[in-house]
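Report on one structure; see the data block that follows.
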Amino acid sequence: VQFTLQCFCNLPQLQIPLFLIFTTIYADIVFGNIVVLIAIIFDAHLHTPMYIFLSNLSVLDICYTSAILPKLLAMLYTQYKAIPLVSCIVQMYFFLTFACCEMILLAVMGYDRYVAICHPLQYCSIMNPRQCAYMLCCVWITSLLEPVVFIMFVANLSFCSSNNIDHFYCDVSPLLKLSCSDTTRGGLTIWKLGQCPRARVHTLVSYVFIIVNILKIHSVHGRYKTFSTCASHLSCVALFYVTTLSLYMRPTSMYTPMYDKFFSLLYIILIPMLNPVIYTLKNKQFRNTFEKFIIVTRMLIFHL
């Protein structure tokens, strides 16, 4: 079976401009997250649980953007939009894996902020290197296994109608619509597994305790200082869930191919592009590290 991704076929005059725009955005995403990753690796002061989780978030953002954008760029440039069923399923698996991984990782980072704010004296003993490594292993292993049941279900579907997928990647809903098999069970599976409901609950519970703890602080300065330690992560969580809910929890009347493509672009491009900015913009320690990194890089280039 071979499918044809419709991509942005209704905008033929914009194929090359879109290729240039998405190439620039993809390069910016990869560069921004690599800079964050390098800064964390080479600065010993940043070898703390929060920054270790952030380095994994940077790797993750590069990965799940790379699951979609290179194929999209190739289609825009060559106008060859055919994709075999196997490649389609592989793309879907990795996209679901990385999306689920980001949800779980944000929950783990929320727990880290909960411990730092609500149990500061026990922070070092609770979030020790061994515990952090264990949590990260659980994040990646769970994410790799989470979509397997659904992917196996999709691999056994029969496709007997049109092979045109009105999207720019192999998303769940457009693919299920093309099947002549019963997809009710598959839709339920992806809703229960792919959306990782436990991660959402853990993130919510962590911030309920954090907010309650902050409200107990009497001074306004103390509240602001405490809240600033989790403001970056809270901004990333808000950005992630706003784009996710816009993509999957819209009214039925808004489920049109054009809307799906628009909200998918927000989800795939906006989050990995803004995450490095959010975490580094107001972080003095990271800015100092980044400035040192720039100085060292310039010195090396000058000597070469």
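All residue numbers here begin at 1 and follow the chain in the order shown.
The backbone N, Cα and C atoms fix where each Cβ goes, glycine too.
Keep in mind that this is a model prediction, so the values were computed, not measured.
According to TrEMBL, the features are:
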- 32-279: domain 'G-protein coupled receptors family 1 profile' (DOMAIN)
- 18-42: transmembrane segment (TRANSMEM)
- 49-69: transmembrane segment (TRANSMEM)
- 89-111: transmembrane segment (TRANSMEM)
- 132-155: transmembrane segment (TRANSMEM)
- 201-218: transmembrane segment (TRANSMEM)
- 230-250: transmembrane segment (TRANSMEM)
- 262-281: transmembrane segment (TRANSMEM)
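Away from its own ends, the transmembrane segment (262-281) comes close to residues 22, 25, 28-29, 32-33, 35-36, 54, 57-58, 61-62, 64-65, 68-69, 102, 167-169, 171, 232, 235-236, 239-240, 243-244, 246-247, 250, 287, 290 of its chain (Cβ-Cβ under 8 Å, at least six residues beyond either end). Among the stretches 49-69, 89-111, 132-155, 201-218, 230-250, the one making the largest number of Cβ pairs under 8 Å with the transmembrane segment (18-42) is 49-69. Spatially, the transmembrane segment (230-250) is adjacent to the transmembrane segment (89-111); three or more Cβ-Cβ distances between them are under 8 Å for residues at least 6 apart in sequence. Long-range contacts of the transmembrane segment (201-218) within the same chain, counting only residues at least 6 positions beyond its ends with a Cβ under 8 Å from a Cβ of the stretch, are 106-107, 110-111, 113-114, 117-118, 226-227, 230, 234, 237.
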